[in-house]
Amino acid sequence: MKNNKSKFSKYLVSGVAALALAAGAAGSASAAENGKFRVGIVTFLSGPAAGPFGVPSANAAKVLVEELNKGNLPAPYDKIGINGAEIEAVIIDEAGGATKQVEEYRNLVQRQKVDAVIGYVSSGDCLAIAPVAEELKTFTIAYDCGTPRLFADNPDAAYMFRTGLDASVDNIGAVRYLAATRPDVTRLAGIQQNYSWGQDSWADFTAAASALLPEAEVVEEQFPKIYQGQYGAEISALSVKRPEIVHSSFWGGDMEALVLQANARGLLEDATGLLTCGEASFATYKDQAPNGMIIGARGPFGQFAPDNELNTWFEGVYQNAYDLEPVYPATKMAQAILGLKYAAENAGVADKEIPSAEQLAAAMKGATFESVSGTVEMARGNGHQAMQGITYGEYHYEDGVASIKNAVSFDGECVTPPEGVAAADWIADGFPGAKCN
Amino acid sequence: MRLDKTEISLGLIALACVLFGFVSPGWLIFLLTIALAKALVVQGVVMQMRSGLVSFGQGLFYCIGGYTVGMGGQFFGIHDAIAALSLGMFVAIVVAMLLGLLLTRYREIFFAMLSLAFSMILFGILVKSQELGSTDGFNVHDWTLFGWAPEAGAGSQHTVFTMTVVSGLIVAVLIHRYTKAGIGVICEAVRENEVRVEYLGLSPRWLLYGNYVAAAAVSALGGGLTALATGHVDPEMAYWTTSGEFVFIALLGGLGHVAAPFIAAIVFSFVRTYAIEFVPHTWQMILGFTLLAVIIFLPKGLWSLVSREKTGERA
């Protein structure tokens, strides 16, 4: 026995050492300095968020990187790759929770030696990554996550940026849309997934509604658990209260299930649905969603993106590659990549040179750049958070064609709290300083 | 105190690991820290497996450990890492002493499902606690060690790594002694035939109870170290997939030796991270096939690679 024990301790040592060495060797091999601009792209490739968000985003990244490397974009992005250097995208899966994402983020930066990271749909992942980005001094763009805590919890962030809007904008925008198009609604109801996203969305929506729609009262709220899929009981509970508006921050499969079931049960005939993430399934509703249902895209993205040259071009290549129109997560991914390109090309470095994270951050901070969604101002969060307007509109489906009607846009200054003010306080104080068109 | 050969070699490996930490790149240290911290939770699973109980809810104590460390710093001003980790273990022990009274009455699938249920209850509570960030969780930072604040970045990473290796060593030695002692051997007897153990005049229930509480403490330690290393805690720590991962690693390593969970956790982490890198769309499949291969070819886990050679030598 004794003999054997010293034997297997040897196996142990050699096994662990071999593994570690093998890993180290493999790591340094793939981190060769090849003059390419390496970008880590992190989004959901598996799990419930993959279909509605992750896959369209990853597809957008792939097609955009491909076209950028050919130099096919319209001005001002017609330079090849990023600052003349070819882009190499490293796409990884966001599934698996915050601990794993921190691990994979470190792997991206330290093992794969990426020059910048773009990613994160989940707010929990964004919050976990933000301090690590500062620690590793890596230029990082959050492209989709919505938590207002990102820069509130990290006020000194130097390397973390967000080109998407935070979730309070969605709900302030939604209330402004109601106030503009249906100022006399009195009965509001809501159904949210019972997790941070749903809870925060509903809190912002109800607070904004009490300020902008003083006549309205909340008649019912339901918080089914996420990925529940069956909403029979909740729909009944909502129906009996006869709401005029049913607000929901549902997304993905849950949202499609809710629309299908609520429509079949007649809830969406009596009440108007208001889906803050509704645009993500624009292509799949067909006739299963009622005409007149209000949908949003979390900003001027997807169907609500403006008719500019960049967006027309982007929709064209996306459609060519995947036979689908880009939904809002795809537009947001394109926006983040264009933001990175803008920062790199305005960092004051020579052609084909790859700027450092500090140079990228300095160029991005407070910048104003052109994007597929129009002009983006990095005007909040100390120059780290994008400010843009938001558009809501009604879904209509006639003769096999889906379209948006009665779209109303609100300026960034109209729906975004001023610098340093928390959304909840801003709403409670009655939106001081809001500039609406 | 006389150390046997396993303990000496464990000590040497731990020392080698700490030294290795000074020369290896940051990502590798982080990966090993998380793997070893998770291995502590797996030790808790394995302790119970040895006595015939499969816990599908070990994430409960992993999460308690992590959240206690996080909340200690955030709300109660406990910034000392050792104090916070000890508090996490204490809370886990108290919770386990209560839950254990109920859980040790059940065996097999009933135990597995009940342990899972308790873990999911904690998940549900955390998701509904908006002060704790609901599903987003919150950051864990500004911790110190005996009043000394390691510098952010590489410094604190090394400190957590060293703490994890040392905790791993202490836990491994204790568990090793426990399994070799009479009471540890009886755990296996409980798995084989509980009635006979009872006829020997011992109470399997209280044995399992002690086991359950000890496993909870070890798991909470792993959770606390994970929180310090990651700098973030979220309710996912108590979700059933996390607990499932611990069972996965336990099966991967096998029950053969106290070192098996550590090796399995490191192998698991490497397989996963390279699977994510090379096949980003199908990395879960690689993990699945790995487990399948281990179950088919090495039913007693990776450790049977070592013990198989042993029998060969004897012959």
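Here the Cβ of each residue, glycine as well, is placed from N, Cα and C on the backbone.
TrEMBL labels come from automatic prediction, so no person has curated them.
Among residues of the same chain six or more beyond the transmembrane segment (B:12-41), those with a C-beta under 8 A of the stretch's C-beta atoms are 58-59, 61-62, 154, 157-158, 160-162, 164-169, 171, 218-219, 221-223, 225-226, 229-230, 245-246, 249, 261-262, 264-266, 268-270, 273. Residues annotated as transmembrane segment in TrEMBL: B:12-41 (among others).
Residues or ranges marked as transmembrane segment by TrEMBL: B:53-76 (among others).
Per TrEMBL, the feature transmembrane segment maps to B:82-102 (among others). Distant neighbours of the transmembrane segment (B:82-102): 60-61, 64-66, 68-69, 72-73, 114, 118, 143, 145-146, 167, 209, 212-213, 215-217, 219-221, 223-225, 228; these residues of the same chain sit at least 6 beyond its ends, with a Cβ under 8 Å from one of its Cβ atoms.
Annotation comment: TrEMBL describes B:109-127 (among others) as transmembrane segment. Beyond the transmembrane segment (B:109-127), the same-chain residues lying 6 or more positions past its ends with a Cβ under 8 Å from any Cβ of the stretch are 53-60, 63-64, 67, 99, 102-103, 134-135, 235, 238-240, 243.
TrEMBL lists B:158-175 (among others) with the feature transmembrane segment.
Under the heading transmembrane segment, TrEMBL lists B:246-271 (among others).
According to TrEMBL, the transmembrane segment annotation covers B:283-303 (among others). Counting only same-chain residues 6+ beyond the ends of the transmembrane segment (B:283-303), those with a CB under 8 A from a CB of the stretch are 248, 251-257, 259-260, 263-264, 267-268, 271-272, 275-276.
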Apart from its near flanks, which chain residues at least 6 from the ends of the transmembrane segment (B:53-76) lie with a Cβ under 8 angstroms of it?
41, 44-45, 83-85, 87-89, 91-92, 95-96, 107-108, 111-120, 122-123, 126, 132, 137-143, 208, 212, 215-217, 219-228, 233, 235, 237-240, 242-244, 246-247
